[in-house]
Structures are given as C-alpha cells and as structure tokens.
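A.B. asks: Have a look at the structure that comes next, please.
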Amino acid sequence: MRYAVIPAAGLGRRFGGKKQFFEINGVPVIEYTLRVFEKSELVHGIVLVLPAKDLEFGEKLKEKFKKIKYVVPGGEERQSSVFKGLKAIENEGVDEVLIHDGVRPLVSQSLVRELVVALSDYEVDGVIPGLKPRDTVKVVGAPLERGDFFVERTLDRDKLVLVQTPQVFMYEVILKCHERAVGEDFWATDDSALLERYGYSVVTIPGEPFNIKITTKEDVKLAEFFLSYSANSL
Ligand SMILES: Nc1ccn([C@@H]2O[C@H](COP(=O)(O)OP(=O)(O)OP(=O)(O)O)[C@@H](O)[C@H]2O)c(=O)n1
Ligand SMILES: C[C@](O)(CO)[C@H](O)COP(=O)(O)O
C-alpha cells in the first residue's frame with residue numbers, strides 16, 4: 001500500500017501569508033496539489049498536514065478528496081510536519097510513501113509514476129526528482145551591507161542536482177530516519193537528507209521544470225501561466 005503525505009502546515013513567511021490557501025483562478029493552491037494524488041491510481045490514501053488553526057478546512061476538503069484519510073496538525077518546521085504525517089499512518093500497513101510539498105501544485109501524474117517505478121526498479125530506499133542546474137553555481141561568503149556577497153568559489157555543476165518533491169520512500173525507512181533525526185536534533189530541508197545521514201540509498205531521477213514550489217509572490221505569476229497549460233487545472 002502506498003500513501004501520500006502532503007505537508008501544508010507552513011506559515012508562508014517569504015510569501016507573506018499561508019500560500020497553500022492562496023487562490024489561483026478561484027482554487028486554493030492546495031487543491032491543485034491534492035487533485036493529482038486523488039486521481040493517481042498509485043496512491044491509496046492521503047495524509048494532509050495543515051496548520052493547527054486550519055484543521056476544519058482540512059475536514060471540508062475530505063468531502064471533495066475521498067483519499068484524504070487523515071488531516072493532522074503540523075509542527076514548527078517542515079520536517080516536524082512530515083514526521084507527524086508519517087506517524088499518523090503507523091498502523092495502516094503502508095509500504096511506500098510519497099512526500100510532496102502542498103505548495104507544488106504543478107506536479108504531474110507522470111512524475112509520480114516515474115518515481116514509483118524507479119523505487120522498485122533500483123530496489124533502493126528512496127527516489128527523488130531533481131534538475132541539473134543550468135546556471136553556474138558559486139559559493140559565497142559573508143553578506144555585504146547591501147545584501148550582496150563576495151564570491152568564494154565555483155562548484156562543479158555536473159555534480160549538482162536541484163531537488164524537488166514528490167520524494168518516494170520505503171515507509172519503514174523514512175519513519176525510522178525521522179525518529180532518529182528528532183532524537184539527535186538534526187534538521188534538514190528535505191526528507192531524503194535524513195536517509196543520506198543514516199546511510200540509506202537514494203537515487204535521483206529527472207524532475208520537471210514546471211514543478212515549481214510557490215515560495216514568493218512572484219511564483220504565483222509563473223504558476224498561473226504553467227497551470228493554464230497543465231492537466232491539473234482541469
Ligand atoms: N512547519 C512547516 C513548514 C512548512 N511546511 C510545508 O512544507 C512545504 C515547503 O515549505 P515552504 O515553502 O518553506 O513553506 P513555508 O514554511 O510556508 O514558507 P516560509 O519558509 O517562507 O515560511 C509547504 O507546503 C509548507 O506548507 C509544513 O508543512 N510545516
Ligand atoms: C523539500 C524541498 O521542496 C525540496 O526542494 C525544499 O527543500 C523545501 O524547502 P523550504 O525551505 O521548506 O521551502
């Protein structure tokens with residue numbers, strides 16, 4: 001059995017508000033995201049993680065998205081929200097879990113499928129989507145007064161990947177990694193970093209350029225444009 005855990009409990013500080021509820025063409029961002037997992041025959045249940053104050057909204061979403069089995073309150077950090085989502089399905093007999101940012105509404109059915117297939121083909125513990133950087137990437141030093149930086153060095157971009165979600169994992173492995181990370185007070189910006197830390201295998205496959213994370217207000221314009229060409233807007 002395969003579940004999707006959708007962390008959507010952030011406060012959207014860089015956006016200026018809870019962007020998961022921001023409406024694009026009259027539909028909240030989180031609904032575009034949920035549509036993809038609701039429609040996917042590869043997903044058997046969904047755990048939606050929301051800010052504690054918005055659980056009622058989550059309960060209403062259950063009427064529209066029948067695969068939502070749990071709506072749980074998030075934590076302070078993305079990582080703690082995901083952990084709470086994972087814990088909610090501890091007794092569901094889940095084998096694999098897709099973890100996907102609620103604010104990436106442009107994820108495609110084909111990416112979900114490719115991740116799931118790769119997890120089984122490679123027989124690894126996790127598979128994540130990533131894009132090769134197209135630009136040159138620099139390491140910078142201390143910030144200057146105006147927010148600019150001195151450049152320190154250039155990275156070998158052939159060894160770099162810009163990582164997206166969904167990330168798919170063997171459920172028992174990712175749950176164990178989250179438990180260990182909490183115990184060690186180790187915090188990461190994505191879930192696969194926990195597998196790397198504890199020596200589990202992770203493979204990256206090509207992500208999708210349109211699969212953007214809505215982080216700031218500028219991203220809404222991009223999302224509007226991409227959604228007008230996407231199956232998610234149907
Ligand atoms: N405590 C948190 C923080 C983030 N997220 C979720 O993780 C995803 C990616 O996080 P991000 O883009 O950083 O969202 P915010 O935390 O809301 O934004 P910011 O960092 O600007 O406050 C989002 O779907 C967000 O809702 C979460 O579930 N719980
Ligand atoms: C998980 C993630 O989307 C992968 O790129 C990203 O790390 C989330 O980062 P954020 O700082 O929570 O926006």
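Each residue, glycine too, has its Cβ placed from N, Cα and C.
Just lifted these from TrEMBL, have a look:
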SITE      Arg14  site 'Transition state stabilizer'
SITE      Lys19  site 'Transition state stabilizer'
SITE      Arg157  site 'Positions MEP for the nucleophilic attack'
SITE      Lys213  site 'Positions MEP for the nucleophilic attack'
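Give me the lay of the land around each of these features.
C.D. replies: Here the Cβ of Arg14 (site 'Transition state stabilizer') has 12 other Cβ atoms within 10 Å, regardless of which shown protein chain they belong to.
Neighbour density for Lys19 (site 'Transition state stabilizer'): within 10 A of its CB lie 26 other CB atoms from the protein chains shown.
The Cβ of Arg157 (site 'Positions MEP for the nucleophilic attack') has 14 neighbouring Cβ atoms from other residues within 10 Å, across all protein chains displayed. Following the DSSP three-state reduction, the secondary structure of Arg157 (site 'Positions MEP for the nucleophilic attack') is helix.
For the recorded site, Lys213 (site 'Positions MEP for the nucleophilic attack'), the DSSP three-state label reads coil. Long-range Cβ contacts of Lys213 (site 'Positions MEP for the nucleophilic attack') within its own chain (separation 6+, distance under 8 Å): Asp101, Val103, Arg104, Gln164, Thr165, Asp219.
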A.B. asks: Compute the C-alpha separation of Arg14 (site 'Transition state stabilizer') from Arg157 (site 'Positions MEP for the nucleophilic attack'), stating it in Å without decimals.
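C.D. replies: Between the alpha carbons of Arg14 (site 'Transition state stabilizer') and Arg157 (site 'Positions MEP for the nucleophilic attack') there are 27 Å.
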